[in-house]
Structure formats: C-alpha cells, structure tokens
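As given in TrEMBL:
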- Asp71, Gly84, Asp86, Ser88: Ca(2+) 1 binding site (BINDING)
- His193: heme b binding site (BINDING)
- Ser194, Asp211, Thr213, Asp218: Ca(2+) 2 binding site (BINDING)
- Cys26-Cys38: disulfide bond (DISULFID)
- Cys37-Cys302: disulfide bond (DISULFID)
- Cys57-Cys138: disulfide bond (DISULFID)
- Cys266-Cys334: disulfide bond (DISULFID)
- 81-306: domain 'Plant heme peroxidase family profile' (DOMAIN)
Amino acid sequence: MLSTTFVLLAGLASAYGAALQRRVTCPTGEQTANAACCALFPVLDDIQTNMFAGDTCSDAAHTALRVAFHDAIGFSNTQNFGTGADGSILLFGETELAFDANLGIADAFNLEVPFIKKHNISVADFIQFAATVSLTRCPGILQPPFMFGRVDATAAAPDNTVPEPFQTVDQILARMADAGLSASDTVALLASHSIAGADDVDPTLSGLPFDSTPSIFDTQFFVETQLRGTLFPGSGGNQGEVESPIGGEIRLQSDSELARDPQTACLWQANVNNQAHMASTFQAAFLKMGLLGQDVSKMVDCSDVIPTPPPLAAAAAAAFFPPGLTQNDVESACADTPFPNLPTAPGAAATIPQIVQSPLTAGDCDDDGEGCNFATFA
Ligand code: HEM
C-alpha cells in the first residue's frame, strides 16, 4: 500500500505550507523554504535551458525518467545490498551499464554526465532531480515533490535488480517488493510507460512508443495495453515483446502480463480513464521510489524548487479507443469491475510515429560500453 508515502506527501504539504511564511532568498534571487535548496536553482536553470531544451516530454525527458528507476531499484531489504537511489548506475557505470537490463542506459550517461560534472550536488540527487524536472515537461503529471540530500554510492549495485520485460509477473512483483515497492506501487509507477518507448527491444527500430500519446501523461497506456495484440511495429520475435493493437506501437510482454494477471489486473484497469487516480498514485509511488535506500530524516524538502507542469485539459485527458477499435477488442481481465465504456476516436487506423531521438542522448557512450568515459567519476 502507498499509505506511508501518502503520510510523507501530507507531511511535505504541511511543511511546505509552514515554510511559506519563512522563505529565504537565494544568491541567485529565487526564493525557497530552506537555504539548502538554493544549490538546486543553478542546476535547474542549466538542465531546463540546455538538457531539456525544446524537449516537450520526449526522448531526453523519457531517458532521465528511466535512469532514475534503474538507479533506485538497486536496493534490497532482505539481502542487505545497495543504497538505492544512490547514483551507482552512473558512478559505477562500467559495471552497471553492462547488465542486460540496463541496455540503453548509455543514453542517460550521454545525456546527464556532462551536466553532473558542472554542478556540485551528489550524482544520486542529480539523477532523481533531473527525473523530477523531466516529469514537469509532461502535460497530465501532478506537481512532483522533491527531497534533497541523497548520499552517493560507494559500490555498484549487483546484477539482476532491474526487472526485465520477459520476466513473469511473480518475478517482477517479488523483485519490486524486495526493494520496498508493493504491487500497487508497481502498477502506479508503470504509468511512466505512458510517457515512454523502446529503443532496443526491437534492435532494428528506435523510439517505438508504448502508447499512442508518448508525450502526454494520460491513461491511454492502460487502455491500449488491455486491447488484443494483432501486430508488431517491426519484424517481431524479440525477447520481451508481444503484439500490440496499433501500428508503430510496441508492447512489452511484462506490461501485457501485468494488465492480465489476477494480482494486478484490477489495479491496472483502475487507471483507465481516471486521470486523477493515475496521477496521484504515480506521484506518491514516484516519491517513494526516489527515496529507496536513503535516510529520509537527513534530507530536506525542496519541492518548491520544482517547476509547475503544464496542465492537461479535461477533454484531452478523456480516454478513447484508437480509430477502428472498440470494446470488442478489450481483453478484460479485472474480475471485480467491467472495463469502462469508451468512445472510439474518429478516422482511419494510423501508424503511431516513432519518438524523435535527442542528439544529447546519442553521444559517444554506446550500449556496449565503447566510448563511455567512465573515468569521469574515478
Ligand atoms: C517494473 C517493471 C519494468 C519493466 C520490465 C520495464 C521495462 C522497460 C523496457 C524494456 C523499456 C525499453 C528500453 C529500451 O529498449 O529502450 C523501458 C522503457 C522505459 N521505462 Fe520501463 N520498465 C519497468 C518499470 C519502469 C518504471 C518503474 C519506470 C519509471 C518510474 C520506467 C520508466 C521507463 C521509461 C521512461 C522508459 C522509456 C525510456 C526512453 O525512451 O529512453 N519503467 N522499460
């Protein structure tokens, strides 16, 4: 359950309210609740201007979000390893980028390392801060809170901490639980796949979106993963990929199975056409994820540094069946409640375009580790 995080969120909200009366003015001129947060404004200014320049919830934002998960999940409550959201994925990139599940994280190395080197905050904080700011490029997201003060890793996380798309629901939920994330947290976090795509699952195609609206944090991902799969965006037959319902869209086997498994099907369906539910459960679970393995009592609430996300009009948040598809195409799996009735979008079935790749994610660091200047952090 998310209850501890909701308590934390409520605490943050009241602390934020109290802090409004005693704000400090930073050397850069901005105001914030706590002087420690002043260190974040130059970072914010730099990444907004240069790292996410022109990125309206596209490749750079998606890359920054994914690496935050892959870093944080390197933690175990039962096996005594990892310090979670500790920067190890980049600090110990020579080890962690070689793990199968981290295929494509080289993009994040290319994107973030030049900026990390310019600023004097921990790598751990940079990764979660950049991900939090990346969310604010995405219409539909609720204002994300941010806690500051993570301690950097002193060792790499071990292999097999990041779930793989070909693993069973039991395996994925067990790994997430071991890190401190419940089944409902997991489904809540997978709302991130509504603003995401795959560059490496089909090795012949990059930027394949997981839903028809990969630059909007809306509930279409939960609608479209419940529709019968009929085609592959490319040749198909790739590990971790199953058929999707729309041309150009890729479906992960893990998302398909989480949508249909009795343990998670109703949690999944609860997001369909319920923007408020999806946004609030994601907000809480994302906060929790970014604190894994870290000592929250030593951290500072810097939520007021985070920019305001763009709004999503109610009409734009209304879920729909893609053109040509109807309720008959739903593979309903929640035993408790029928799948919501949705209108079919007008027009002919269209192929969803690939997500345009940012030049900033395509630097010298390749997926095979060639060209990555790991000595950066030595
Ligand atoms: C729990 C099981 C999960 C599995 C099996 C999984 C698997 C994957 C895979 C295979 C990709 C495609 C990578 C590529 O080929 O480029 C992907 C992309 C992505 N995932 Fe996940 N994921 C999971 C959870 C999460 C979570 C919890 C988050 C964030 C909170 C997340 C955020 C993303 C994002 C943003 C992308 C797009 C990255 C980009 O476009 O560069 N995923 N995921």
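Residue numbers in this text run from 1 along the chain shown.
Cβ atoms are placed via backbone N, Cα and C, with glycine included.
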Out of Asp86, Ser88, His193, Thr213, which of these binding-site residues is nearest Cys37 (disulfide bond) by C-alpha distance?
Asp86
Count of other CB atoms lying within 10 Å of the CB belonging to Cys266 (disulfide bond):
14
Using the centroid of the Cβ atoms of Ser194, Asp211, Thr213, Asp218 as reference, list every other same-chain residue with Cβ within 8 Å of it (recorded Ca(2+) 2 site), in sequence order.
Gly140, Ile195, Ser212, Pro214, Ile216, Phe217, Thr219, Gln220, Phe221, Glu224
Should Cys334 (disulfide bond) be counted as helix, strand, or coil on the basis of DSSP?
coil
Sequence gap of 6 or more, Cβ distance under 8 Å: name the residues on the same chain that satisfy this around Ser194 (Ca(2+) 2 binding site), in order along the sequence.
Phe210, Asp211, Thr213, Pro214, Ile216, Phe217, Asp218, Thr219, Gln220, Phe221, Phe222, Met278
Considering Cα atoms only, can you say which of Cys26, Cys302, Cys334 is the nearest neighbour of Ser88 (Ca(2+) 1 binding site) among these disulfide-bonded residues?
Cys302
Could you check which of the recorded positions (Cys26, Cys38, His193) sits closest to Gly84 (Ca(2+) 1 binding site), going Cα to Cα?
His193
What three-state secondary structure does DSSP assign to Ser88 (Ca(2+) 1 binding site)?
helix
Which Cβ among the binding-site residues (Ser88, Thr213) has the fewest C-beta neighbours inside 10 Å?
Thr213
Count the Cβ atoms, other than its own, that fall within 10 Å of the Cβ of Cys38 (disulfide bond), considering every protein chain shown.
18
